[in-house]
Amino acid sequence: MSVLEVAIWSGAAGAITLVVLICLSDWILLRTMATAQGTAYNLATLAFVLLLSGVAQAIFPAMDPEAAHIAKVLIGPLCVGLGNYWVRAWLSARHRDRLMDICLLGGGALAPVAALVCLLLPLQQQLPASAALVLLNSGMVLWMAVRAWLLGDALALGIAIGGVFMLPAVGGLYAVALGLPGLGPAWQALIALTSVLCISVIGFMLWKRNQHARRTRGFEQVQSQFDPVTKLPGGLPFVQQLLRALERRRLTRRDGAVLAVILFAPEKIVAQTGAAGLNEVYLHLAQRLQKQVGVVNPVGRYWDRCFVALVETIHAPAALRTLGLRVASSLRRPMQVTAADGRNVQVRLDVGIGVVHLDRETAAADDVLHEAQRLAEAARAMASRAAVRDPATGETVPVEHARLGPRRPGRFGPELRHVMPGHRARA
């Protein structure tokens, strides 16, 4: 490598290191699985750039050439495996779409095996085979990100843009590693720029996805459109999100759901724990609801005792049964709340959950929200505390008794685990 080439790739590595440090600080603050996966992925991509660009060998000239070659062959599939598992969780592929889930999970599982197979090839074919594997996976991730964006995940567009930069970056880095002729400093500077842009865009999307967790823990200032207690969007911002989702449904034509959760008798909680304890209950309720519907689905505080969640994609109408029971089971589990005198008090919530099926016909947002609240009010008198309108009779019934039709396992993905009455779902 020339001095200019070392300077180009050192600058790129420095910019990527800055992204790694930002992700690392996010992980230190939040300590969530998503931030840990993102940090591990960005560290692996930093090693990928250092090895394939030749900077690692330039810094450590005593490095064993055979070990460096093996590392170059393996580092790409390692990034593929980590990236696929991270993107799968980031996009909530398991709950959103079967094709997306199978592609990302299968690609992540097969990448390490394929890397070992590459080492069994003749020496001259090992690195090109690894390059083909990584490029194929990068194209697949780009496709999955676009698919998630079309299904309503706005932040997935950022992953897709990062994937567009990833293809020339990965191809160029492998070309540099293979020593292809004609790659002078100008071409290498362009490859380095696309590498930095790819990691920066993907890292920024990770930071945006973790924004709600930072608000909840007080690390980020809450704007006026967010509820100051739960850090969730307020009534108007959530309605705007619902309107955009209903507009997207004209294109996607997928089944979805709106859930309304109403807390009853809050004065009993105030008498037991004080006003601060009630706010803590609201915070726990919001976190549990968000966990059950997934981070990619918006949750808002519609009014003081009413929380609303929008699930843009479900696999089949029958999944409403499991979704409603799972949310009800999670919210009815005891909560530990700090009372005004400092004691830890166990609180059980008196809640009702209304589940509205968003079918393939468009509906008015006001009608959907009114129906969800009406069902939540009716659910208070039901054993499961979750109500839905039976599509066969039009009556309000417990979700476990509704005739929602058969499941469709083929096209719409793996079903949510069914929770039988009397059994408890995981929080």
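Cβ atoms here come from the backbone N, Cα and C positions, even for glycine.
Owing to the predicted nature of the structure, the values given are computational and were not obtained by experimental measurement.
As recorded in TrEMBL:
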TRANSMEM  6-29  transmembrane segment
TRANSMEM  41-63  transmembrane segment
TRANSMEM  69-87  transmembrane segment
TRANSMEM  99-123  transmembrane segment
TRANSMEM  129-150  transmembrane segment
TRANSMEM  157-180  transmembrane segment
TRANSMEM  186-207  transmembrane segment
DOMAIN    215-389  domain 'GGDEF'
REGION    387-427  region 'Disordered'
(message) Counting CB pairs under 8 Å, which listed stretch among 41-63, 69-87, 186-207 touches the transmembrane segment (157-180) the most?
(response) 186-207
(message) Can the transmembrane segment (69-87) be said to touch the transmembrane segment (129-150) if we require at least 3 CB pairs below 8 Å and skip pairs under 6 apart in sequence?
(response) yes
(request) Using a Cβ-Cβ cut-off of under 8 Å, list the residues of the same chain that are 6+ residues beyond the ends of the transmembrane segment (99-123) and lie near it. (result) 69-70, 73-74, 76-78, 80-85, 87-88, 91, 93, 129-130, 133, 137, 140-141, 144, 147-148, 413-414
(message) Return the average pLDDT for the domain 'GGDEF' (215-389) as a whole number.
(response) 82
(message) For the transmembrane segment (129-150), give me same-chain residues lying six or more residues beyond its boundaries with a C-beta closer than 8 angstroms to one of its C-beta atoms, as numbers and ranges.
(response) 72-74, 76-77, 79-80, 83-84, 87, 91, 93, 96-97, 99-100, 103-104, 107, 111, 114-115, 118, 121, 156-157, 159-160, 163-164, 166-167, 170-171, 174, 178, 251-252, 296
(request) Report, as numbers and ranges, which residues of the same chain sit near the transmembrane segment (186-207): CB under 8 Å and 6 or more residues beyond its ends. (result) 5, 8-9, 11-12, 15-16, 19, 22-23, 26, 34-35, 38, 42, 45, 49, 53, 90, 155, 158-159, 161-163, 165-166, 168-169, 172-173, 175-176
